[in-house]
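Novice: Pasting in a structure now, in structure tokens, and then I'll have a few things to ask.
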Ligand code: BGC
């Protein structure tokens, strides 16, 4: 924004009698921030760093704090009686997957069951049907799906009660305003320009409300695929630059609000071919560490999720030629490289790694290609037997068979990456069922189904 526009905005704010108070945990200051600096009653605008001040619980009257110029961090932690439900503190050192049965997503099972009906070959159909029994994350990519979480948690609870086996439900939190800032395929329902930040908070509140009803069901949540990774490498894209502060404050809101002892959060960390380059590793670790510092604690963050919806190998002796020049040519090498840097930055160095579509390697023309890659097969099955103490579990996060993006050039969500020669075409809109792609994943699965 130009200076004259800023001055006009400042004059407007000063002369306008009605000031909208920022809700608890909302942003109230920082370089480039132009919103209200008045916090809701019971909270104070608290300086975290030059880019971010936040309304934190702790005062009885609405307060205003101008953006401080000092660089001293004064971030505080919420105390009891706030919107969080349990006290904060470093997460326990346990791997959330150990000792738990992973609940099977009925949403994905229904997609798979419908797909199986369209497969004529009985052998392939049987293999396809078996995919519904492999634990796969359920994505909450629009707020309207959140009530389904309550249904799943109730189901998980009744399974737990009847079998005596502890249940773990896997979800992806995915509804940031101006989502997918450096691509188009997964543009979401909320925009920053249209009150998206407040709507996102309501979405998180709704998820938290469901989870708090089932304190004895464990939740593993992957938080916002691609968002923070875009802030490491793609701030030259105006949409990402514009979204950066809202991505950060919204992620912090999610971390603080999903602060219940049955929850384990893994923030998304792109993949080795993105943040694993030498120049990106340290800035990535700093961003993750800074985020928790600003949040005022680790809360229930257990670590990072990598390779979400991507195709990289967990480990390999024969690196794909497209990875040349990057020492993190597998996800394990990426975790090994990032782990110590995370520790230095005060961020928990634990990983879950998506291998759902990584069964076949050397299928991309360039490492940056990600859309419905031709020839992909289902990969290593979910397991805690990872052979690496940094890696909590191999998981299937992207539901195999759901599209990454449309190849229809006339769609507003058409991303040219989905029209490349190593993408499967024609492809439907992101998140919708892609039968031909699913069938290839089944037949090329490695290990075989
Ligand atoms: C889509 C989401 C979908 C997710 C999982 C994303 O690319 O944008 O709508 O839920 O993939 O398939």
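Keep in mind that glycine also has a Cβ here, set from the backbone N, Cα and C atoms.
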Novice: TrEMBL lists region 'Disordered' for one of the ranges 401-424, 425-448; which is that range?
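Specialist: Region 'Disordered', as annotated by TrEMBL, spans 401-424.
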Novice: Which one of 234, 310, 336 goes with 139, 141, 271, 274, 370, 398, 402 at the substrate site, as TrEMBL has it?
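Specialist: Same substrate site in TrEMBL: 310.
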Novice: Given 58-90, 91-123, which one carries TrEMBL's region 'Disordered' label?
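Specialist: Spelled out, TrEMBL records region 'Disordered' over residues 58-90, not the other listed ranges.
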Novice: Enumerate in sequence order the binding-site residues 139, 141, 271, 310 whose Cβ-atom distance to ligand 1 is under 6 angstroms.
Specialist: 139, 141
Novice: Using the alpha carbons only, what distance in Å do you get between residue 141 (substrate binding site) and residue 404 (active site, proton acceptor) once rounded?
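Specialist: Here the two Cα atoms lie 13 Å apart.
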Novice: Among 139, 141, 271, 274, 310, 370, 398, 402, listed as contacts of substrate, what is the widest Cα spread in Å, to the nearest whole number?
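Specialist: In whole numbers, the farthest two Cα atoms are 23 Å apart.
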